[in-house]
Protein chains: 4
Amino acid sequence: AILNFTSNHSELLCLQLNTVSLCADPTAASYTDSSDDETSPREKTQVNSKGSSDFCVKNIKQAEFGRREIEIAEQDMSALISLRKRAQGEKPLAGAKVVGCTHITAQTAVLIETLVALGAQCRWTACNIYSTQNEVAAALAEIGVAVFAWKGESEDDFWWCIDRCVNTEGWQANMILDDGGDLTHWVYKKYPSVFKKVQGIVEESVTGVHRLYQLSKAGKLCVPAMNVNDSVTKQKFDNLYCCRESILDGLKRTTDVMFGGKQVVVCGYGEVGKGCCSALKALGAIVCVTEIDPICALQACMDGFKVVKLNEVVRHMDMVITCTGNKNVVTREQLDRMKNGCIVCNMGHSNTEIDVASLRTPELTWERVRSQVDHIIWPDGKRVILLAEGRLLNLSCSTVPSFVLSITATTQALALIELYNAPEGRYRQDVYLLPKKMDEYVASLHLPNFDAHLTELSDEQAKYMGLNKNGPFKPNYYRYQHHSTQSE
Amino acid sequence: AILNFTSNHSELLCLQLNTVSLCADPTAASYTDSSDDETSPREKTQVNSKGSSDFCVKNIKQAEFGRREIEIAEQDMSALISLRKRAQGEKPLAGAKVVGCTHITAQTAVLIETLVALGAQCRWTACNIYSTQNEVAAALAEIGVAVFAWKGESEDDFWWCIDRCVNTEGWQANMILDDGGDLTHWVYKKYPSVFKKVQGIVEESVTGVHRLYQLSKAGKLCVPAMNVNDSVTKQKFDNLYCCRESILDGLKRTTDVMFGGKQVVVCGYGEVGKGCCSALKALGAIVCVTEIDPICALQACMDGFKVVKLNEVVRHMDMVITCTGNKNVVTREQLDRMKNGCIVCNMGHSNTEIDVASLRTPELTWERVRSQVDHIIWPDGKRVILLAEGRLLNLSCSTVPSFVLSITATTQALALIELYNAPEGRYRQDVYLLPKKMDEYVASLHLPNFDAHLTELSDEQAKYMGLNKNGPFKPNYYRYQHHSTQSE
Amino acid sequence: AILNFTSNHSELLCLQLNTVSLCADPTAASYTDSSDDETSPREKTQVNSKGSSDFCVKNIKQAEFGRREIEIAEQDMSALISLRKRAQGEKPLAGAKVVGCTHITAQTAVLIETLVALGAQCRWTACNIYSTQNEVAAALAEIGVAVFAWKGESEDDFWWCIDRCVNTEGWQANMILDDGGDLTHWVYKKYPSVFKKVQGIVEESVTGVHRLYQLSKAGKLCVPAMNVNDSVTKQKFDNLYCCRESILDGLKRTTDVMFGGKQVVVCGYGEVGKGCCSALKALGAIVCVTEIDPICALQACMDGFKVVKLNEVVRHMDMVITCTGNKNVVTREQLDRMKNGCIVCNMGHSNTEIDVASLRTPELTWERVRSQVDHIIWPDGKRVILLAEGRLLNLSCSTVPSFVLSITATTQALALIELYNAPEGRYRQDVYLLPKKMDEYVASLHLPNFDAHLTELSDEQAKYMGLNKNGPFKPNYYRYQHHSTQSE
Amino acid sequence: AILNFTSNHSELLCLQLNTVSLCADPTAASYTDSSDDETSPREKTQVNSKGSSDFCVKNIKQAEFGRREIEIAEQDMSALISLRKRAQGEKPLAGAKVVGCTHITAQTAVLIETLVALGAQCRWTACNIYSTQNEVAAALAEIGVAVFAWKGESEDDFWWCIDRCVNTEGWQANMILDDGGDLTHWVYKKYPSVFKKVQGIVEESVTGVHRLYQLSKAGKLCVPAMNVNDSVTKQKFDNLYCCRESILDGLKRTTDVMFGGKQVVVCGYGEVGKGCCSALKALGAIVCVTEIDPICALQACMDGFKVVKLNEVVRHMDMVITCTGNKNVVTREQLDRMKNGCIVCNMGHSNTEIDVASLRTPELTWERVRSQVDHIIWPDGKRVILLAEGRLLNLSCSTVPSFVLSITATTQALALIELYNAPEGRYRQDVYLLPKKMDEYVASLHLPNFDAHLTELSDEQAKYMGLNKNGPFKPNYYRYQHHSTQSE
């Protein structure tokens, strides 16, 4: 069954990457070259400075480098730091035993260390075989977190690490924090009895949430689960704002392109497309848009973007950016018609948007000119510049601001606290969204970063509005405000 | 009961005005001065050129002027014109007898004439005693629509006109198009038997929709009703885009103020606030924001607006603009602290946002310097410039683009067609939102204005996305995408 | 000679209007209807409240209305108010007898009253037969300024008024403030002996400055003259910023057009074009540009505007705006190809940019739909919407912010002070630009409006930069920074 | 004398770097690690594939990598490519022997190869000891250009390389292309007789131009020189547009900071400051400005930036960016008052703007967290993030778009052609600016990149405007349009 499940594991990982869309570029931030040491971490014996060896990382000696990265990340994640301070007295996670499976980066380290500060014991593994920052894993291991992860795991390593997190003597998890659903899946398959003690699952990714809903529908979900993916804060900030920042960064780091005056077509005008269009236009690009949905198309018009069909404009474009979530949005025929020097990249959900496979034909020459940058050369000498082989640009070629990750991480921490402390009966064996009020609390924890001062309702005003002075201030359906699933 | 209901009628009208927020400034567009003729239209006998006298307007001779206004409006309402063309063959409203109660402006005239072109017979009255464009009413009367409305009706006139629309020999309405709920209310109270033949009510305003839901809850709604107010197209375009355009216009027409470098505080960062902030910032104003909701506050931060409390900044502001929907957002104490020349105005839901009443004290002098512009003069000579006495600026001091009105009008027309043609059983005695797909159809009818070209899904893509190629393209909850009820 | 000079006077006035580009729309601001009184002011005898009759205005009784307008203007002209305060003790214009010829509006009234406050005696007339605000003229007359001006003068009236200003018993001007050069011309022709006492001329307009340079070249300039037109503050603010504000206002007031998604071509990307493009793009229009100069064209590209030929795009445009200073930029052939509803207007130097004359042919119908708005109707029913008959839109259809006028007026006042107080020999019989340092002083007087705080150089820094701590901070050629004479 | 001149050579190099401000980050683009080979290139014998050894580069084997970089650069430098095509037939540089001293990057390689294509023979060396891209130098050597340059030259190497370029048997330069004036200086000092044959010098940098003017003043300039630095295209594009692009890139690559909602103060509102402010505001930062010049301050106000003193705001800022050209703009006292996490960097002319020296005191800890990123840690744990040790951010931490470099390079090529082909007597022993018309030609060569279409004047229009149909379109003083020397 496992084999069956993992048969298309690489595709699965890819999917996770695409949906999570939030791991920092591991290469960019790596200060220590591990390539010299080819020994598998599984074969090494390492001990941290306190004498523990309950971890498996690339090189525990890199801990100090990792600590520095974590400290840098903390500067933009003050919401978690303030959560530590506010909740530290009461230790709301005292007694919690959290097993976690996420990208292991400086930002998740800040989350994990917050959970520890709030009283939790943590065992952690990576949700992706490539994304682990080795020095960060070392730093976590050094302070006593049982981490099992390194960059460049094999698939066998991947499941071995998960297993080591879950299956350890004298320790049994009572909370699960998952990103992609692999950990949850493993526990279901191998250690179903663990669920007797588990008080809840917190899941961040589209894929993982999808699986939980399927389990729930099938009546097989045996503990409450919190869907963090669809919280308004995550949706809003991961998409619109994050893409507004990362589209420019990703294009610059790979191509050093100048934006002023460039003709760009953005395929899809959902939140991701809106973020891309806004940033590109702001820096002087001339942007047009393709859409299938007339309402989004009308928004694009009102926002000042010409709505076109890709075929009408593809000859003249300097850049083609996909943000649709659909497949074959850019076809080989259209790639054939692009002009010399056209840059093609993908900011959408999956690596199917550009039909990259169609470019792997004998008459075209691929030339890798930089990391993540391929020139595809036509027989007549025309070059199309393909970024990240059509995978997500912002995942592959830029970094994600710690501040944006802080919003998701804070939501995860609050979801854990909520599930762990909820009175009997509040949550049943179902998938829940974080209560609106906690969404607002996540937002409020991030306002001090901006020195923003909220206005408080007077009693009279609260009454007039029919609101509680402390919120929630919006009805529940507001949660979906900026959620546009299909055309991105 | 009627008396009781209308006891606070002026407040009611005000509410309607606020929620509708879409009537063109009647004074601005009036080319004919009717003030010379003091005779009540009710006492005149007028006949149109075809000999009919089944109407009551200020002056049928103004028809030609009104026709010109209607023609101008048509230029930006081509969705309705194309609806006429597409549906004219089949006359989907053949047999429909529509009684309507809306603002009577050039734009609603385009709607009414579209209904007529689709086969309907129409009788019409005004939902507001001030907003009728007399020459437009005349133009409608001239082509045979039974219009009962003029600018400056008394309250008695108001109900008399409604009554004349409904209560006419040999004609009984089978459809109601209402804006504010007064017409519906009147029929309920006076002619309940009419509902035996009525196939549906189409209601546009917040107030009217609220009443319909109350009727529905109370089990008293006896026909299906369509809630046009909450359609995504209306919400999105009436608020964000419309305010983006009208805030500048309203301020300029009243004060000729220069925007560059002006310090502005916008109270409330909902859709209206977002539209105002975006436009003001774009023209060089330095804008800050107040908010009660941490999520909207965080959006303001990310959009580049400092989030402050009004008290912290009120001394330094050149303009204070309210968009909260709340009351007493600007208090007398804050007005006392404003600097000389500060402009204060309201773009929000109601005229309670600025505590204007508190300014009517003996020590302050009011000086009316222009229409809709008062200088409030403090004993030390300080002047605060109050616009429209705190009523809605964009209603009072600017015009609304015909294009925006076209979206609402098209939605109303489609709602009528849907209710009139729906097979038995599709709609029960409840309040409905327009089906998602018709929302999308409204949007698509407006795309030709922008020469926008939609992309069509291939079969393969539609299957991959799990969508019908013809839409709907978004789930139903997407409808609420940009709907922020409470903090505007 | 006079006759010869004035033979094409109406064209001249037009030129002046175009180059000055700064008179408030007289109709818009007029609260009092003078049309009922057809008597020529020259035939009336009027006396102000102090018993003086040394003036000639439409109706002295409108003084109070005018006073209110002046007070409103003062709010945005605080630089002049602060100049009054700073210089009042020493009365730097004590003994100055200023004869002035400018538009007579609330804003120039603030200037005139500042001159009076600084010690000057003033006699004033209008530089344009249409632009006088009668009530403002009355207010000036009421406080004792000898004003000779009204709206709707005949050409004979025009010169009569000038003559009355100059030629009065017991008073001889020693300073001239001119706008267009007509006053200067009159003095040259009729009262050359006046120049014996005149210490200088301050001239604001392109036309007037041009004439002065011609006089200077011909060796006929007999007093020093200050060219205010080319001061950096005036150039920069009158063009870029003023047009950024007025293009939207002018279009809205005439057509109520929605900007979002509109396709606009702006002909000419000088300062005026830059201001128009920036504002339109900011509100969601899709803007392209035509240019003859490759450098300006390259700027347009980098700023995100497609550079096109008018012929390529004219079919698809919703608006065509000229800002070139050239003639026949929009030809009849292009007007023939515009789509139904296209708006055509001019923001450039002269009314020749659009070939309006070519539209006066029998097959086209002109329909005046509003003040300043004509529909030109083609035989097939197509309508093109022509604003202000091709004259300057911002002059005809919008108002100019008082703040912008304040910059020019302050420069004029300082130029008068400089010339009046300059030691013998500083200025010869030539045309001068205001010293750089005084330009900077004008700017600094306007900073308090924005609560802007200048940084002061330390001694060490000033030495490092080779600058005087008090300025000037830029070399003289910086003056031309944003001056683009030819393509606007 | 040489010693004296070069005594502060490192400072000099720094100056050059600052003024040139356009070398691509050499580390970023380096694909080949040369650090393994410690042998000095001067001690190696290398031969290119054609058997020549008249060059001295790090490693001729890297030529292929360099060729790829040059090809990438060519894609955005099509103006030079089109110049090759247009001028290739006539070979306007046939017979020219150009000795050049510039940064050696892919972009300058495109220039050099253009000169070769136009008929010139070239010998080349680096104007900076750090900025050479070794693989590009190899690629040039491979095609036969006599290059003497590598990354990490000693000062002795630097002059040795220059000498090898100039002093070679059987070849004598007749044109000089210089960047910084070191080559020109060397020829003056060591080989003055060379000037007998030299037809002109083309100089790009502020420093070099300054020296040429000094020589000219002293009567010692013995050939015509072309000042490329002050051409309008270079000024405009190097400053405003280039900084608009590079400020975001430099900050992102070093700190991964999120821009949304960040509070930023930009010191100096010249062209560089304008570019920085525009980009940061566009991405959601809240930007304020410091200025010493009231005119620039007023522009900042009108553009929507609050003008403040640094002391007033420094406590609250997330980023402090200097663009003044002045010294000690950010003092130790101000650094002491910054909040934790504040980012400090310099975009101005010199590395003196931030008083970095004052931070090298015992109580502060410096921690190098990434290349070009130092955390300065105060005793209380506060960290200030200093980028590039206060040197130019865009030079150190970002790349410059090839397109921008193309404008300068094209100007250099045209200046060479002009000087080389000018008829006797057109240029004397003085410093010249490129004729306006050639500036416009440079711009026009870059328009095809944007598919921009210039409008041509009709005969009638040209006559009306008093212009030649082929330009120049602006008077000469327009050249200085956007040149603001002192406050940047």
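Backbone N, Cα and C define each Cβ position, glycine as well.
Any TrEMBL annotation is an automated prediction that lacks curation.
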Query = Out of D:Glu74, D:Glu135, D:Glu153, D:Glu204, which is the one TrEMBL records at the substrate site of D:Thr105, D:Asp179, D:Lys234, D:Asp238?
reply = D:Glu204
Ask   = Are there binding-site residues in D:Asp179, D:Lys234, D:Val272, D:Asn394 whose CB lies under 8 Å from a CB of chain C, and which ones?
value = none
Request  = Take the C-alpha atoms of D:Val272 (NAD(+) binding site) and D:Asp238 (substrate binding site) and report the distance between them in angstrom, rounded.
outcome  = 9
Query = To the nearest whole angstrom, what is the C-alpha distance linking D:Lys274 (NAD(+) binding site) and D:Thr105 (substrate binding site)?
reply = 28
Inquiry  = I'd like to confirm something. Which of the binding-site residues, D:Thr105, D:Asp179, D:Glu204, D:Lys234, D:Asp238, has a Cα closest to the Cα of D:Asn394 (NAD(+) binding site)?
reply    = D:Asp238
Request  = Express in Å, rounded to the nearest integer, the largest CA to CA distance found among the substrate-binding residues D:Thr105, D:Asp179, D:Glu204, D:Lys234, D:Asp238 named in the record.
outcome  = 18
Request  = Between the Cα atoms of D:Gly273 (NAD(+) binding site) and D:Glu204 (substrate binding site), find the distance and write it as a whole number of Å.
outcome  = 22
Note = Fewest neighbouring Cβ atoms within 10 Å among the binding-site residues D:Thr105, D:Asn394 goes to D:Asn394
Task = Rounded to the nearest Å, what's the C-alpha distance separating D:Glu291 (NAD(+) binding site) and D:Thr105 (substrate binding site)? Just drop the number here, would you?
result = 35
Remark   = Rounded mean pLDDT within the domain 'S-adenosyl-L-homocysteine hydrolase NAD binding' (D:239-400) lands at 93
DSSP-derived class (H/G/I helix, E/B strand, else coil) of D:Thr105 (substrate binding site) = coil
Cα distance (Å, whole number) from D:Gly275 (NAD(+) binding site) to D:Lys234 (substrate binding site) = 15
Query = Can you tell me how far the Cα of D:Glu271 (NAD(+) binding site) sits from the Cα of D:Glu204 (substrate binding site), in Å?
reply = 18
Request  = Would you mind pulling the DSSP three-state label for D:Glu291 (NAD(+) binding site)?
outcome  = coil
Request  = Could you round the CA separation between D:Glu204 (substrate binding site) and D:Gly275 (NAD(+) binding site) to a whole angstrom and send it over?
outcome  = 22
Query = Which whole-number value in Å describes the distance between the Cα atoms of D:Asp238 (substrate binding site) and D:Gly270 (NAD(+) binding site)?
reply = 13
Message = Measuring Cα to Cα, how far is D:Asp179 (substrate binding site) from D:Gly270 (NAD(+) binding site) in Å?
response = 24
